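TrEMBL lists A:9-69 with the feature domain 'HTH tetR-type'. Feature annotation from TrEMBL assigns DNA-binding region to A:32-51.
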There are 2 protein chains.
Amino acid sequence: MGDGAAEKVRPRDRILGTARDLFHKHGIRGVGIDAITEAAGTNKMTLYRHFDSKDDLIIECLRTVACDANAIWNQFEAEHPNDKLGQLQAWVRTVADGLKVDGRGCDMANAAVELTEDDHPARQVIKELKTAQRDRLVGLCRDAGIEQAELLADTLSLLLEGARVSRQSVGAEGPSAQFVRMAEGVIASFRNTARA
Amino acid sequence: MGDGAAEKVRPRDRILGTARDLFHKHGIRGVGIDAITEAAGTNKMTLYRHFDSKDDLIIECLRTVACDANAIWNQFEAEHPNDKLGQLQAWVRTVADGLKVDGRGCDMANAAVELTEDDHPARQVIKELKTAQRDRLVGLCRDAGIEQAELLADTLSLLLEGARVSRQSVGAEGPSAQFVRMAEGVIASFRNTARA
DNA sequence: CTAGGGTGTGACCGGTCTGTAACTTCTGCC
DNA sequence: GGCAGAAGTTACAGACCGGTCACACCCTAG
């Protein structure tokens, strides 16, 4: 029931999509393989034919998350061509909207919290993808003409990461509600600092 | 073996201490009751005689974490009497040291990430205790003569929260390494803002 | 000495978890 | 139409989970 047109999607992609959704909502450790296959309208054997293990599925999910994030970055560039500062402001706005809409934070960060084993295969993937995101933000800040681009990018990163986890701890009315004001203030502060 | 003097500690306190330690290291969902009782040198029945359930134990652990945090706050006051700005700087330094030493973040925030059920009994406790911490930081900022005390406190909160989760994602050499510089910069910026 | 409360022991329950095996059914392509 | 490969089904293995039970123990207070 209610499947309809979506049925044409390959089982692998259905599994990937629903797993990502369920992991996001209930946490990685809070979702079992059976729940994923059932929600994806398939079965356990098919899942294990496409993915070596749950860990493999987790990693593949994180990659699609990063892929979607990159698509949004590209959208910023398309909507504000040759306006790096506009792209940075779009980033702030978009990210702040996400904070209001979604109660759970960053899938990568959440995964890092949940998967506590130091040698978990997903850990290096998380580090890799998170670092790529940081690099992209640093590049944007640098292109926007900010002197201390790394420091601004890192500051914005921590503010965002903090806002997302704070939202999960104390809710949307907590400190995370001030994210836009903070981010814009920090950006303005860095733009005025030709001295330093 | 290796117990010795610590044997005089009551089972309840041993359970509480080791549970807190294991939860911190491996995450709440990553530690079973059996692992706790074994590490605490006791057994499951004794645990359940002192705590109604695992959820109850989790909540009690979080309370001791908050209690310890409050003790550190009191220490700041004792070491820098009548010097609110000194207390704020001590907070920054202490918190930054914690970032270097400990690879896992805030137990409350981690618990909020792990316990995804909206009505989980620990969630309201987390919210309550986190709010209390925020209030204390706001009070400190206000007493230090900062005009926009709430905004500064919230900014510092998000920076810290973000630094702790970033450390788990990309390691100690990532953005979290700049926490002190960011925090001091933000504080200085708020002190100079009598205008605004 | 004795009574009683706190503690330890081992078995057990029902449930869930990841992952596998053998077999059947469907689907797309020549 | 028929064939190969993908997908579905059922059952199962082995481990672990939170939680309970009946019972034996020990230590201390009276």
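Just so you know, glycine gets a Cβ as well, placed from its N, Cα and C.
Predicted automatically and left uncurated, TrEMBL annotations should be read as such.
On the 0 to 100 pLDDT scale, the domain 'HTH tetR-type' (A:9-69) averages 97 in this prediction. DSSP assignment over the DNA-binding region (A:32-51) gives 14 helix, 0 strand, 6 coil.
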